[in-house]
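Undergrad: Taken from Swiss-Prot, the feature domain 'EngA-type G 1' applies to 3-166. The GTP 1 binding site annotation in Swiss-Prot covers 9-16, 56-60, 118-121. Per Swiss-Prot, the feature domain 'EngA-type G 2' maps to 208-381. Positions annotated as GTP 2 binding site by Swiss-Prot, on the basis of sequence analysis: 214-221, 261-265, 326-329. Swiss-Prot lists 382-466 with the feature domain 'KH-like'.
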Amino acid sequence: MIPVIALVGRPNVGKSTLFNRLTHTRDALVADFPGLTRDRKYGRAEVEGHEFIVVDTGGIDGTEDGVETKMAGQSLLAIEEADIVLFMVDARAGLMPADQGIAQHLRSREKATFLVANKTDGIDPDTATADFYSLGLGEVHAIAASHGRGVTQLIEDVMAPYMDAEEPEVELTEEEENAAYWAEQEAQGEDVPPEDPEDDFDPRTLPIKLAIVGRPNVGKSTLTNRILGEDRVVVYDMPGTTRDSIYIPMTRDDREYILIDTAGVRKRGKITETVEKFSVIKTLQAIEDSNVVLLVIDARDGISDQDLSLLGFILNSGRSLVIAVNKWDGMTEEARAQVKDMLDLRLGFVDFARIHFISALHGSGVGNLFESVQEAYDCSTKRVGTSLLTRIMQMAEEDHQPPLVRGRRVKLKYAHAGGYNPPIVVIHGNQVTDLSDSYKRYLMNYFRRSLKVMGTPIRIQFKEGENPFAGKRNPLTPNQMRKRKRLMSHLKKGK
């Protein structure tokens with residue numbers, strides 16, 4: 001399970017700066033949920049291969065006596081939901097009473113806490129951080145978030161307990177070598193043997209992890225119970241490691257699924273709450289742990305900023321996507337037409353996703369969701385050989401040549417699969433990293449159409465070979481050597 005790191009501390013100690021540094025954003029608004037999360041901000045981060053969710057809890061002010069009151073509510077909830085707490089202090093301002101109050105609260109929580117002294121640039125970090133050892137939170141990690149100094153080492157120290165639990169990345173160096181060989185053979189007109197990468201792997205033998213996410217009161221629990229109440233075989237309820245999320249194995253149409261319910265499955269007679277229980281942390285973790293995300297949108301409320309924030313997080317995580325527009329029943333034809341126009345206008349950036357119009361309460365359209373879920377999963381895990389990807393790349397190049405870069409035509413050599421879920425196509429060539437964004441989008445869309453990929457984003461990565469002449473001087477020809485000798489002798493005579 002992807003860990004959650006919460007940033008806590010007084011105002012103006014640099015939490016937002018560190019948040020922006022970790023999430024590679026500028027505005028610290030990766031996923032902001034007004035009215036529900038107050039001043040908490042959420043983002044997905046990756047540092048040196050370590051993936052995690054980072055939460056900026058906002059400034060916590062107050063004294064040692066009143067810190068419990070100041071930390072109540074949303075900020076306290078963020079700390080409780082986090083796996084790791086980074087307690088940030090200002091090295092330039094020194095130890096403050098509010099720091100002592102926050103530290104006392106954190107010590108009582110028995111949470112993995114790291115004391116981080118920010119703004120140590122331009123000063124002696126040992127002298128500036130000496131007073132903070134009195135907080136009783138162990139070693140003080142000195143960083144300069146604005147310049148990124150010490151941030152990578154901090155994350156490596158924080159994530160050390162999770163390194164053994166992380167799944168090893170799949171190395172494709174052997175496939176890259178094979179891809180280069182067969183691309184060369186094909187260029188010479190030789191027959192390329194049929195490929196079947198990873199013969200032993202059949203994604204259909206694995207259950208599909210389906211996360212149902214959405215804003216409160218859009219009908220997630222109603223939809224979950226409708227799914228479980230129709231032609232289902234529930235084997236058992238297995239509480240997941242995600243806080244309060246429930247993992248429910250089920251079978252539908254001879255296909256196994258694991259339903260990840262972030263709202264909690266309740267019996268039909270107990271769905272009486274007007275607003276469903278909602279936790280941003282649970283939602284983001286469920287997205288990361290899923291294969292396919294089913295995003296539920298309220299047709300009567302339209303597309304909100306919260307929906308767009310969730311969509312952005314889903315895209316960044318690379319998960320497959322199916323969109324369900326709920327509460328479609330009872331709407332007039334005019335209202336439905338307006339909703340469809342709005343979807344076309346605001347959801348153009350996820351045109352690969354199937355959109356279904358359903359009524360979770362009455363069950364209309366619910367059965368068709370699983371066809372799109374299965375399609376999205378199959379597309380995201382489909383194995384494609386190097387020769388096919390290279391041929392598609394060549395056809396795209398023939399239809400629309402790459403642009404000139406510094407007077408030279410970009411050369412695309414070969415393509416191969418670089419990963420799945422989401423599908424990744426790696427293109428090798430010369431100057432490929434200088435391709436314009438528009439041409440990269442053209443290649444992505446061309447691969448999507450050619451491979452008939454639906455329901456999942458597709459990513460294109462570019463790799464350049466090293467220039468064998470980089471840093472080397474061309475040897476002089478014999479004629480150039482004679483000219484050089486004549487020039488040198490002429491210069492000596494002139495002296």
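Just so it is clear, glycine is given a Cβ too, placed from its N, Cα and C backbone atoms.
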Undergrad: Looking at the domain 'EngA-type G 2' (208-381) alone, can you tell me the average pLDDT?
TA: 80
Undergrad: What whole-number Å value do you get for the CA-CA distance of N12 (GTP 1 binding site) and W328 (GTP 2 binding site)?
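TA: Answer for this pair: 46 Å between alpha carbons.
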Undergrad: With DSSP as the yardstick, break the domain 'KH-like' (382-466) down into helix, strand and coil residue counts.
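TA: Here the numbers are 32 helix, 26 strand, 27 coil.
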Undergrad: Between G214 (GTP 2 binding site) and K15 (GTP 1 binding site), what C-alpha distance do you get in Å?
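TA: G214 (GTP 2 binding site) and K15 (GTP 1 binding site) have their Cα atoms 28 Å apart.
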Undergrad: Work out how many Å separate T120 (GTP 1 binding site) and K220 (GTP 2 binding site) at their Cα atoms, rounded off.
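TA: K220 (GTP 2 binding site) has its Cα 47 Å from the Cα of T120 (GTP 1 binding site).
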Undergrad: Please identify, among the binding-site residues G9, K15, T57, the one with the smallest Cα-Cα distance to W328 (GTP 2 binding site).
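TA: Sorting the binding-site residues by distance from W328 (GTP 2 binding site), the top entry is T57.
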Undergrad: Quick one: Cα separation, T57 (GTP 1 binding site) versus N217 (GTP 2 binding site), in Å?
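TA: Each residue's Cα considered, T57 (GTP 1 binding site) and N217 (GTP 2 binding site) end up 25 Å apart.
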Undergrad: Per DSSP, to which secondary structure element type does K220 (GTP 2 binding site) belong, with helix, strand and coil as the options?
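TA: Assignment for K220 (GTP 2 binding site) reads helix.
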Undergrad: How far is it from G9 (GTP 1 binding site) to K220 (GTP 2 binding site), counting Cα to Cα, in Å?
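TA: For G9 (GTP 1 binding site) versus K220 (GTP 2 binding site), the Cα atoms are 35 Å apart.
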